[in-house]
Amino acid sequence: MQTYLLSQQFNTRSLAENSTACPANATICNGTSCVLPEDNFNETLSIILSTVLTVMLALVMFSMGCNVELKKFWGHIKRPWGIFVGFLCQFGIMPLTAFLLSLAFNVLPIQAVVVLIMGCCPGGTASNIIAYWVDGDMDLSISMTTCSTLLAMGMMPLCLLIYTKIWTDSNAIVLPYDSIGISLVALVIPVSFGIFVNHRWPSKAKIILKIGSIVGAILIVLIAVVGGILYKGSWTISPKLWIIGTIFPAAGYSLGFFLARVAGLSWHRCRTVSLETGMQNTQLCSTIVQLSFSPEQLELMFTFPLIYSIFQLLFALLILGGYRVYRRHQVKTKTDVEKTEEKEDTKSTSSHAKINGGFVLNETK
């Protein structure tokens, strides 16, 4: 019994000592108060995933470049009517739509600014992948993405200067030109290699394109999931931003398609311009927001880029699904018409044969 009591006292004493002991990685210790180093696990994980996703995206854009013909691509540069229409949509329709939505929903000034930043961002590379799946003009899609990213260095400050005057000083918004430059390089270099491969080895380019298109579709979903896990913003933001995040991409897709059709572009180019207009570079928007605002301000609107990203992807998938259903129905209709025409031709030939004593041409046998 005495041994048991001594053992119990020893255990109690050791627990007390452990409760007041500082962790091994503590930098400053004063009794039970310890200063621990900042946990960089989430930041390290974010960097690793960003690196992996960047490499994968570069490979996907390389495969997308394998579907671009140099002559057609150069033709869009020499006669840039499609690029000009896309420019009007990207830096005309989208900032104006962001401005009108902010006024209509009467959001806070800081929230209006983040909506406008999203509207002023260039097109994202995801639009190139979706454009491939909806049989869009890949030459136009990639040239539009490249030009909008390049022109964003001048057009973003101009649009923000025009539209943010009533809410904030545009000088308070920090534009990460290095991030825009990196996005441009990450787009141009892989696509250039892809164009070269398509020019030299067309058969191999088709195989690379098929693999890359599937990987690209998986990558879009993966980016959305990773963004949702690693986002540090609060999901309890204003319901108004949720509504704007839903309406904004839908308006971009619709207005981009409408303007392209009014401009006389073909149907497959209208689909391309629509996707390039509605799909924004949400990663760039998040970077600008982080650089420009304090932690207190970020709590009010930091999640908006992710909300926009989710709904722009959702509507893009709906467009893709609708187009695939339409295409399947159209193919069936064409097949039925062709079969009907063949039957009518056969009937007319047989009746003609009866009138002429049963003579039938060899081609109709």
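Along the chain as shown, residues are numbered 1 onward.
Placement of Cβ uses the backbone N, Cα and C atoms for every residue, glycine included.
Annotation comment: TrEMBL describes 334-347 as compositional bias 'Basic and acidic residues'. Per TrEMBL, region 'Disordered' is recorded for 334-365. Look at TrEMBL and you will find 45-63, 83-105, 112-134, 140-163, 175-195, 207-229, 241-260, 306-326 tagged as transmembrane segment.
Proximity of distant same-chain residues to the transmembrane segment (241-260), defined by a Cβ-Cβ separation under 8 Å and at least 6 residues beyond the stretch ends, is recorded for 85-86, 88-89, 93-94, 97-98, 101-102, 105, 107, 111, 115, 118-119, 269-280, 301, 303-304, 307-308, 310-312, 315-316, 319.
Under the criterion of 3 or more C-beta pairs below 8 Å, with sequence separation of 6 or more, the transmembrane segment (83-105) and the transmembrane segment (175-195) do not qualify as touching, having fewer than 3 such pairs. Within its own chain, the transmembrane segment (140-163) is flanked in space by residues 64-65, 68, 73, 76-77, 80, 82-83, 86-87, 90-91, 95-96, 98-99, 116-117, 119-125, 127-128, 131-132, 170, 173, 175, 177, 180, 183-184, 187-188, 191, 269, 272-273, 275-276, 281, which lie at least six positions past its ends and keep a Cβ under 8 Å from the stretch.
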